[in-house]
């Protein structure tokens, strides 16, 4: 039976799992479906672009008007439009001059008081407040609640002069000098025509990236502290693309189109798709490529399907930063005290108390007379008899049963779940691992009148953090196996941040509580942490390219303890983000648009495939297909090698000196008896800033079993700076070879 608590986490609380299907835009009695007609880069003029798009559409549509068919026009940073089309109309448009590709509409879904201090990023670290106030973070998500204290503009001056955006947040929505821009995208009118956040997800991510400093914040007294974003003085532009049914790709691409033209500096996108798609079929990959061209770095959540095993990472484009989720040293624990005095440690966010009273325990199969035994044990819908459970604690093998038990009138529930993350539930509902759950059942079955008390949650200190959260999706990269993904990890478990005051904190419609700050978990929460740090780096290095900022984040990351993170680099990439060191990386690996195009050529992409991403005719250089993808100048080094057989692979890298003018870097390789590593040269001597040096790394070994990996670490150091890169060889297949 599936782990229902995990499914609830994916499907309800944080909107994290893909629901692939054709667009809800399609009319009930029409064979038209929504498509994106992508025409490349920004046109010469918005009016001319719109006119041409309408003319093209007019030539193919039948039985409908342009107004009825056209959904949206892209004309600021991208060129194209979204429309409702029949298959025949799609075929005609595909053959028209200027059409790069036609992409079916898909549904994507959205994937802190203690976290910053845990990373050593206190509120007193070195900052440039004036420069920081000129940085704009664009958040493509479920909107924002601008009246919260995290988004107050007290002390803020007017928006930066570079800002070209607008405040079109809808009725009763007002921007300020903190939230300087807002837009919403809704392909079909639904009564929710506003940038206001109804779910809490977008508000949470925006405040994590750039929320103001707000003291004495908690969730009903739990996780109390000071909430703040990574760059509290920065500005926020909110782009609402997510609603109850998810986030439509036609809207996501429109948000990228506007955000790039509006003048944002960093984009935080905690959305994703669990479908294995090529770069040219993924609107986030396409939009972020255009952002990269304009000097904007996109941070993207890695996904929350870690329990499914390797090859689950959802953000794989090399021009983005894929962010995994890890724990902090503060966790929430909820104890269950049995009638025999034994205490079991569970996971949940429970602000309630039974005031020392122990309540009767009932098993799910005991409270239903109309369901099968399996469904009853799971406390499935309609299987819990309210007459039997009122005022009692129900034991359920299904961790997603809390709403059912709550509706039936139970005082609490105890559920089976091995995922060690605390979630908010509508009633006290701690989750126990299999061992403790068996102990609980054993006590109940051996006792005439079994009782238990569920205690209020308490904060506990985790001495072995950070570790990658079990839900965080694992690599390697399923499209480009020689580019390591995810790139980096950041706090994403039990994060307290701002929240929509009209949304249930548990994500359950039966939960009537409302809060302004709530606790969420997911790579959605990790992504804005790194977005805030990327913005922080940009305040010190405003002229750095997106790849330079990305390199600084990755090469200064903390090394993760492999003994506590058994999946290694395919779970955490280069390591745990380190905000303070990221502004002084010493050396950076830079990657250009041309490098990404060569990479795609090496992956076997045709010129037409590449045009589908870049929007431009980009012929592959004659020799590029012979250049291995692992030679792209990426801050991490990865290679896919054959299983069992011996191998020798080499990597060519170039670093730029951004540390001290006269410096000498020497190489160090961490030992791994299964890998032999040679670096030439072993010393890099720099005489000036911006000077570059090239080196080659050769790795040999053999005997790796199928679907396994080995790793080591390359470090360049001048005695002041430590520039660290993981080296990973693995035998996992790509989707092209599996």
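Residue 1 is the first one shown; counting continues down the chain.
Cβ coordinates are placed from backbone N, Cα and C, and glycine is handled just like the others.
As given in TrEMBL:
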| type | residues | note |
| --- | --- | --- |
| SIGNAL | 1-27 | signal peptide |
| DOMAIN | 35-109 | domain 'Inhibitor I9' |
| DOMAIN | 133-570 | domain 'Peptidase S8/S53' |
| ACT_SITE | 141 | active site, charge relay system |
| ACT_SITE | 201 | active site, charge relay system |
| ACT_SITE | 524 | active site, charge relay system |
| DOMAIN | 631-729 | domain 'Subtilisin-like protease fibronectin type-III' |
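In terms of DSSP helix, strand and coil, the domain 'Inhibitor I9' (35-109) has 27 helix, 27 strand, 21 coil. Within the same chain, residues at least 6 positions away in sequence whose Cβ sits under 8 Å from that of residue 141 (active site, charge relay system) are 110, 197, 201, 202, 205, 206, 238, 239, 240, 241, 242, 268, 269, 270, 271. Across the residues of the domain 'Subtilisin-like protease fibronectin type-III' (631-729), the predicted structure has a mean pLDDT of 97. In this view, residue 201 (active site, charge relay system) is surrounded by 30 other Cβ atoms within 10 Å of its Cβ, with every protein chain counted.
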